Amino acid sequence: MIDADRLITATGGRDRDEQMDRAIRPLSLADYIGQPTVREQMELFIQAARGRSEALDHTLIFGPPGLGKTTLANIIAQEMGVSIKSTSGPVLERPGDLAAILTNLEPNDVLFIDEIHRLSPIVEEVLYPAMEDFQLDIMIGEGPAARSIKLDLPPFTLVGATTRAGMLTNPLRDRFGIVQRLEFYNIADLSTIVSRSAGILGLVIEPQGAFEIARRARGTPRIANRLLRRVRDFAEVRGNGQITRQTADKALNLLDVDEHGFDHQDRRLLLTMIEKFDGGPVGVDSLAAAISEERHTIEDVLEPYLIQQGYIMRTPRGRVVTRHAYLHFGLNIPSRMGEIPVPDDFGDEPVDL
């Protein structure tokens, strides 16, 4: 199985990589690159909330892994001038776990819950009145003597992040006043991100070197920064330490990341669909078994970018590869492909929302 954040994933050094991720993470909306609509809207909402000395409305951020949901949550707290408490859905197993965090919040603080779609139903029930009325219902005692008491909470902002917005219950989703979807980044914005990260890390990088890394980063800043670190290793060991286009190209070829940003696992998925399932349609469970992966890995990690780039389509009967997949491997396009519709805009293809 592959890591959900993969490097395109190199093993080892994960702790150090995470420390570097924190070091290069933007701290303000002014430094936040890409997502112009989200940035403009959040700047407006934050300015309005600060002007009224109120907590920002509860905010839901969703999109594929690595696009900056956690970064945006931290920026919200920074711009609001408040503290942020971070946790995740799977960690909050009991209502008491959530209550302990909520009762320690200061007025207007931000509570960030990653993977919010994985909250247990019993914890979610406690969260509803906390979000809506800033009150916490707690049961005291047991059996016939049990009674419920209400504790007042300070106003706070819940920022929830998820890759699976479609798995949120309607009552929870409806309680978010602000909903933001993060899209895959274009190459120009990723090039800017790579150049900025290189500057923070003290690396010498040419614009074409940044472009080469950006165009293979699957539209994802997290992957772009990881590729930058691996290209840096290559440049220091087999070059003069400077990252040029040629250096980046050689390093990424060594990492088995092709010009489209596909790694071994992406190519394996596409070839399995072509060779074992005649291009599809194939169900996700059958596909997961064929490549020895978990269903959620295919749905959350592999598929979104392949769909957005137009290599895979979802149909009522299952997944189908498009002409682009055959052309990518230099294979002849089957005559029956003329019967398979190709979306006009793959960027609008819904991905588990």
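For all residues, glycine too, the Cβ spot is worked out from N, Cα and C.
Annotated features in Swiss-Prot:
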REGION    4-185  region 'Large ATPase domain (RuvB-L)'
BINDING   ILE24, ARG25, GLY66, LYS69, THR70, THR71, GLU132, ASP133, PHE134, ARG175, TYR185, ARG222  ATP binding site
BINDING   THR70  Mg(2+) binding site
REGION    186-256  region 'Small ATPAse domain (RuvB-S)'
REGION    259-353  region 'Head domain (RuvB-H)'
BINDING   ARG295, ARG314, ARG319  DNA binding site
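What Swiss-Prot annotates, mapped onto the structure for a quick look.
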residue: ILE24; record: ATP binding site; Cβ within 10 Å: 18
residue: GLY66; record: ATP binding site; Cβ within 10 Å: 25
residue: THR70; record: ATP binding site; Cβ within 10 Å: 19
residue: GLU132; record: ATP binding site; Cβ within 10 Å: 12
residue: PHE134; record: ATP binding site; Cβ within 10 Å: 16
residue: TYR185; record: ATP binding site; Cβ within 10 Å: 24
residue: ARG295; record: DNA binding site; Cβ within 10 Å: 13
residue: ARG314; record: DNA binding site; Cβ within 10 Å: 18
residue: ARG319; record: DNA binding site; Cβ within 10 Å: 23
Query = Using the residues the record lists for ATP (ILE24, ARG25, GLY66, LYS69, THR70, THR71, GLU132, ASP133, PHE134, ARG175, TYR185, ARG222), what whole-number Å value is the largest Cα to Cα distance?
reply = 37
Task = Given the binding-site residues ARG295, ARG314, ARG319, state which is nearest to GLU132 (ATP binding site) when distance is taken between Cα atoms.
result = ARG295
Ask   = What is the average pLDDT across the region 'Large ATPase domain (RuvB-L)' (4-185)?
value = 86
Key: Recorded DNA site residues ARG295, ARG314, ARG319, farthest C-alpha pair in Å   = 15
Key: Nearest of the binding-site residues (ARG295, ARG314, ARG319) to ILE24 (ATP binding site) - Cα to Cα   = ARG295
Query = Cα distance, ARG295 (DNA binding site) to GLY66 (ATP binding site), nearest Å?
reply = 19
Request  = Using C-alpha atoms only, work out the spacing between ARG319 (DNA binding site) and PHE134 (ATP binding site) and round it to an integer in Å.
outcome  = 44
Any further residue of that chain within 8 Å (Cβ to the Cβ centroid of ARG295, ARG314, ARG319) of the recorded DNA site = VAL282, GLY283, VAL284, LEU287, ILE298, GLU299, GLU303, ILE312, GLY318
Task = Between TYR185 (ATP binding site) and ARG314 (DNA binding site), find the distance joining the two CA atoms and give it rounded to the nearest Å.
result = 22
Helix, strand and coil totals (DSSP H, G, I; E, B; other) for the region 'Head domain (RuvB-H)' (259-353) = 47 helix, 9 strand, 39 coil
Key: ARG314 (DNA binding site) and THR70 (ATP binding site), Cα-Cα, nearest whole angstrom   = 28
